[in-house]
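Peer 1: The structure that follows is given in the form of structure tokens.
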Amino acid sequence: MQTVFSIGVDALAYGMVLFVISIGLSVTMGLMRVVNLAHGAFAMIGGYIASYAARDLGLAYAVAVMLAVVGTILIAIPVERLLYHRIYGQPELTQVLMTIGITFCVIGIANYVFGPTLKTIPTPDSLREPVSLGFRTVSAHRLFVIACGTAVALGLWYFIERTAFGVKLRASVDNAAMAAALGVKTEVVYAVSFAVAVGLAAFGGVVGAELLPIEPYYALRYMVTFLVVVSVGGAGSIPGALAACLLLGAIDTTGRYLMPEFGEFFFYLAVIAIVWIFPRGLAGRAK
Amino acid sequence: MSAIFDVRNLKRTFGGLAVTNDVSLSMAPGDRVALIGPNGAGKTTFVNLVTGNLLPNSGSVALGGEDVTRLGPTERVRRGLVRSFQVTRLFSEMTPEEHVALAILQREGRTGRMFASHRAMPDVMDEVHALLARLGIAHLARHRVSEIAYGQQRLLELALALALKPRVLLLDEPAAGVPQSDTARIEQAIADLPADLAVLMIEHDMDLVFRFARRVVVLAAGEIIFDGSPDAVTKDARVRQAYLGSYADARSVA
Amino acid sequence: MPAASLEISGLSAGYGPTRVLEDISFAADAGRRLAVLGRNGMGKSTLFATLAGQTKRYGGAIRLGGEAIEGMGSSARALKGLGYVPQSRDVFPTLTVEENLFVGLKGRPRAAIEEAYQMFPRLKERRRNLGSQLSGGEQQMLTTARTILGQPSVLLLDEPLEGLAPVICEELMAAFGTLAAAGEMTILLVEQRIQSALDFADDVIILERGRIAWTGTPAALSADRHTVETLLGVGGLH
Amino acid sequence: DTIKVGVVGPFSGPFALQGKNFKAGIDAYMALNGNTVGDDTIEVIYRDIPTADPAQSKALSQELVVKEGVQYLAGFYFTPDAMAATPLLEQANVPMVVMNAATSAIVTKSPYVVRTSFTTWQTSTPIAKVAFDGGTRKVISVVSDYGPGVDAEAAFKAGFEAAGGEIVEAIRMPLQTNDFSPIMQRIKDSGAEGVFAFLPSGPTTLGFVKAFNENGLKAGGVKFFAPGDLTQESDLPALGEAALGLTTTFHYAVSHDSAENKKFVEAAGKAIGNPAELSFPAVGAYDGMHVIYKMIEATGGAQDAAKAVEAVKGLSWESPRGPVTIDAESRHITQNIYLREVAKADDGTYYNKEVQTFEKQGDPGLAAAK
Amino acid sequence: MALTMNTGTLSTARDRRARLTRDAIGVLVILAVAVLGYLLFPNNLALLTRITAIALLVLSLDLVTGYCGVATLGHAALFGAGAYGAGIAAAHFGITDPIAMLAVGVVAGALAGLVSGAVVLRAHGLPQLVLSIAIIHLAHEAANKASGWTGGSDGLAGIMPDAVFGLWQFDLWGRTAYVFGIVLLIAAFVVLRQIVRSPFGMLCRGIKQDPLRVRAMGASVHGTLIRMYAISGAVAGAGGALNAISTQVVGLDSLSFTLSAEALVMLVLGGTGSLYGALIGTLSFLWFEDVVSAANPFHWLTIVGALLIAVVLFAPKGLYGSLAALIERRGRKGR
Ligand SMILES: Nc1ncnc2c1ncn2[C@@H]1O[C@H](COP(=O)(O)OP(=O)(O)OP(=O)(O)O)[C@@H](O)[C@H]1O
Ligand SMILES: Nc1ncnc2c1ncn2[C@@H]1O[C@H](COP(=O)(O)OP(=O)(O)OP(=O)(O)O)[C@@H](O)[C@H]1O
Ligand SMILES: [Mg+2]
Ligand SMILES: [Mg+2]
């Protein structure tokens, strides 16, 4: 029984890490309809900034996180203006080509500037202490991530479903020309949404760095993981993404506990089973 | 004559709302039926249920005496039940010629062929061009559909349905978006159809409806409220109030 | 916003390399009702799309209430008071009816959505449905209502009656008439049913292969059998 | 004349760090020993294979031989890449010097293969003895599920069971594992006193070691044994505190205390740019170059693979890692294996501190395969 | 009526001639490029053969993605099936005749195509992409586990193909392999040209654009796509077999996500929905990669990334697609 609880805690924590890192991709892919394979690249940029701020400059963790989010957005804005701007509404495969290209470039630059080694983001002592749950201990950092995930999920859901901006965003995505003809400044809407998505990516990259450490190849290494959880959830749906992350996190964790040698099989068979039952993803937005 | 098309007690709800509520309708070969009714009455839904694109909650559909309720849409098409779409659904990157050729080849079970080209099949090409000419779009045969005006796309939509040589033809607003000058072509094309074909047409253009129909069925809020002759329908108070408005007056006078 | 005038001079436009409109010039004074007629594929929709800023413009000027707008983007034109109801019924499929209408508000208070429901009670019944789930006619209602909510000073209607029940058509045309008569909007209308268009309009222009082939009043057009036959391909008007 | 050496390795992609070390080792050797042998100038040509890709390896090797006209093939970080190129050697009359790939069988694929790195068997066997001698009797083995992992598991098992210990469980986990908590739970539940681990160097190592600490295994007294890939120097800054006290066996530590090594570390550190990135593939490459220079000397620059290989059989020299010999029969390197412990230096950095030496270790893997 | 019939027959005859000429030109161009490659890079035939094998994979991907609109990042599963099929036949069953190995590869690829088609076609869009990713990972993992058959991560070695027709031995320079590959590629090209233009191919293009419409014409979407998937598998399998025969080793990379993704990148680079696009995409990507990675083995990835971005910016329909559009536009203006 204790083991079951223990696995449950691990599963929840892992699922939340996945959620925090990939939810930004759900925004770009589901709402802006851009297959943004460079999502991991932005998460990685965030990680590098945080690492530099906290480790090399010795700034506080919270400040480093802020800097990472803001810095990544600042880097992303010209990229959006120059490159992403051109692929909105283009066929998905064209977007794949462009965003893979961006990823390659970011990897190359990171490798050149920071070298190929792992970069850590020192966490404050308070997050490093183990916290006792009675039947076991977990690191405070895991609890912190769970809290972050919950906060992000709620905030983002409100932003998209309940605010005027959210409505305009979804309208622009459905039909940019028509939205513009109704007076929606689609360019601004897109730029802001992109900034939000990239900010989330950076935040996720920093917060999740304990499990997915920052190194140049990060941008590609976890691309598939992000793509899978977002799509299984149903791109663009916050509850869907949350459900997918928790479910896949749980399956992955249990699979690895029960039969580590078949861990991959477990995970991907589960993915096939889920998509088989929900061909549009757990909460696919109607097209 | 026995019914070639027989729908019984069809029912479908969307989240509690009964969009099609216990609708029964049958047609004999040669019937020309107009299905009219207010917007959102459930006409398109009815067509979707009949063709198998939507599943009914209950009720049955029979074609030429055979129960097809359990069959998928493609099976029904192969049995001669063909529809056109209210909003054109065409292959935007293909030409009208290819569209019609594909329909003809499909009708003849030749789409499985891998080592031939439809352009090398004179019989197919002749039929394609004859049909396009009949609808007045032969000059566009090799243009991409995305480049031709909406009204012409509507004509192609009709051509596709005709190319399948149906036994029962369901037309969902075939003239919507077609200019008055070209509605004549549509009317003519429908008039030229084989006499033993049963045609059901949904249309809001009453001039067209009354020139076409020998029987009018009125659907309102998911139920059939009238089924009878074109003359009788203009006199029906419910239909006038719910749907026809002053058109009924104009028509009665005329 | 009170009605504004619309002047167009020397406009030519098209899609990428394909030129569709050539040298179009006309004017609609504030509060006037103008019908744009023409056969299939003659460029009526392209004209409206060009006015709304959605095609490629090669030359010419567009003035809205005296102000040149041809250099502006689509949304800027809308905010200047240009309302556009396209032929293809571009509802936002993943938004609910109410959200669709919300987008059209252009910053007016949310409560104004009720105006749309008054115009089309049917929409109120379906307010929580997604745009993609509406029937054809309901989509048409939604597109029209959405644009009118923004209180445009010039309204472009591309076949607004398509797919609507006869009763609704009557009510709608009457409503447009009232709006124009009250000086609230200048209305440009494309309509396939020529008689309805003529009953409604103050002036008529006819397009032929992307050029203006005829201008005049409805009465003059009704009297001109030859023009009706050659340019509109219809045997006569009743 | 110019003699060309073609080096195949991962110079971009996820293993770029290891490729960088190849280059650093080669550059260091040429900086210290000049780029000429006799009248011949040595030119190194690099070809990139980011991840294991035997077909590409074969194509590139062929290109190097046929088009670039290289007289020596070298490098090879991954076993399949090395294996794929071996069929070329005889026909092309070219020796291959393997600078990393660590599966025992490679040297048997062609008589023209010489290896200057190590095998997983070679580095994993001594740790079994260390574990047993330290009083651990029950060990759980946890390895990544791919060739080297399986080798490591087999080597440890053979050594540990021969000594009289018991492997309570052997877990193979997917290469792509991000969260090791469930594995740690397994280790806990197995009741083992110690864990033997093998993972490819890089991000997973970090996750594994952190999970080991965070899940209370270290605090709970579970012993940790691994070959040195797990604590390679370039990962230590990231591992930091978490790695402190981990014991591993390996053929080379950057901290190795010898004049030869000081010289090497200085030169290689300069070549790589950031000395913290220096790690074991560099020494494999450095010694590989030594072997190639000797071969060129022996053949006088002529292309004669048989003679070249013959010349280095039994060759002994003082490597930065300590005394080494090319075994005449297997053509694999015989070397010292060191037991090391991760320690903190005075300047706050972490390093592998050598605490025990197992001298003149051959490759037990070849014997086991027979 | 009689008039239209006449013009119909006339135009079909003219069409046919035009088509045949165009196909002949296509084959000649491939042949010319192949000969040119042989003459210009006689020392680099291994690379050219590899390009040929990958070109078959990309062609096969084009069949499902470009012509049927099926999004997949798992197409290497079909390629790998062909490679392992041919490799295992040679290494474990002594089937070392290259033609027989090729046949085994084709069949294995077609079977793999059927299986992955059955799974992938369950969903659309992103979920479909995810299914394909799951397939390639499962296949990769299975091959890794079955190391007794596949050699696991060490790769499957010991493949020694006989001489082709007992006449041409596979040599160090890779001449035989190259010629073998080019002949295979041209054969595949000719067959595929027929298929994509046939009624069947037209149906597939229709499905890509609007499956609902196709159903309304009475055609079976699923059945058609499955068939195309099997054909695609056969072509990819041939590519895999060619790879196994020419390199005499099969690695797990031939069943990898990376290879699948690269194939997709090459296809989009060249332009989807056209066989020429697939060929041009493969050739230019691999050639460019080879040149830049030889010039700078350490930072070439950045340059490739920049190339991809540039293509999207300046040739959004892919290299061939954009070229074709340009020519069409020129032609129109001229008219
Ligand atoms: N998937 C759905 N979910 C919820 N409601 C739906 C759905 N599909 C259709 N409806 C509703 O069912 C009603 C009937 O729609 P239908 O399209 O059949 O009308 P119609 O009679 O064809 O109208 P029109 O003449 O305007 O085309 C509409 O009110 C529509 O909103
Ligand atoms: N997206 C497009 N790309 C290229 N050409 C187009 C495009 N849309 C329309 N056209 C062409 O522009 C011309 C005018 O089309 P338009 O839609 O403006 O006609 P219309 O007068 O509105 O016709 P309808 O009465 O059928 O709606 C047509 O010849 C059409 O082929
Ligand atoms: Mg309808
Ligand atoms: Mg129009």
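The backbone N, Cα and C atoms fix where each Cβ goes, and this holds for glycine too.
Not my notes, these are from TrEMBL:
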{"type": "TRANSMEM", "residues": "E:20-41", "note": "transmembrane segment"}
{"type": "TRANSMEM", "residues": "E:47-64", "note": "transmembrane segment"}
{"type": "TRANSMEM", "residues": "E:76-95", "note": "transmembrane segment"}
{"type": "TRANSMEM", "residues": "E:101-121", "note": "transmembrane segment"}
{"type": "TRANSMEM", "residues": "E:177-196", "note": "transmembrane segment"}
{"type": "TRANSMEM", "residues": "E:229-252", "note": "transmembrane segment"}
{"type": "TRANSMEM", "residues": "E:264-288", "note": "transmembrane segment"}
{"type": "TRANSMEM", "residues": "E:300-327", "note": "transmembrane segment"}
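How buried are the listed features, and what sits near them?
Peer 2: Beyond the ends of the transmembrane segment (E:47-64), by six or more residues, the same chain brings 34, 37-38, 41, 70, 72, 75-76, 78-79, 109, 117, 174, 177-178, 181-182, 184-185, 188-189, 192, 195-196, 204, 225, 228-229, 231-236, 238-240, 242-243, 246-247, 259, 263-264, 266-267, 270, 272-275, 277-279, 281-283, 286-287, 290 to within a C-beta distance below 8 angstroms of the stretch.
Sequence-distant contacts of the transmembrane segment (E:76-95) (same chain, six or more residues past either end, CB-CB distance under 8 Å): 57, 60, 101-102, 104-109, 111-113, 116, 135-136, 139-140, 143, 149-150, 156-161, 232-233, 236-241, 243-245, 249-250, 254-257, 259-260, 263.
The list of residues near the transmembrane segment (E:101-121) in space but at least 6 beyond its ends in sequence, with Cβ under 8 angstroms from a Cβ of it, reads 60, 64, 70, 72, 74, 77-86, 89-90, 95, 128, 131-132, 134-135, 139, 161, 184, 222, 225-226, 228-238, 240-242, 244-245.
Cβ atoms under 8 Å from those of the transmembrane segment (E:229-252) belong to residues 46, 49-50, 52-57, 59-61, 63-64, 70, 75, 78-87, 90, 98, 101-102, 104-114, 116-117, 120-121, 140, 143-144, 150-153, 155-157, 159-161, 170, 174, 177-178, 180-181, 184, 188, 192, 195 of the same chain, restricted to positions at least 6 beyond its ends.
Same-chain neighbours of the transmembrane segment (E:300-327): 265, 268-274, 276-277, 280-281, 284, 288-289, 292-293, counting only residues six or more beyond its ends whose CB sits under 8 Å from a CB of the stretch.
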Peer 1: Looking only at residues six or more beyond either end of the transmembrane segment (E:20-41), which have a C-beta under 8 A from one in the stretch?
Peer 2: 47-48, 178, 182, 185-186, 189-190, 193, 275-276, 279, 283
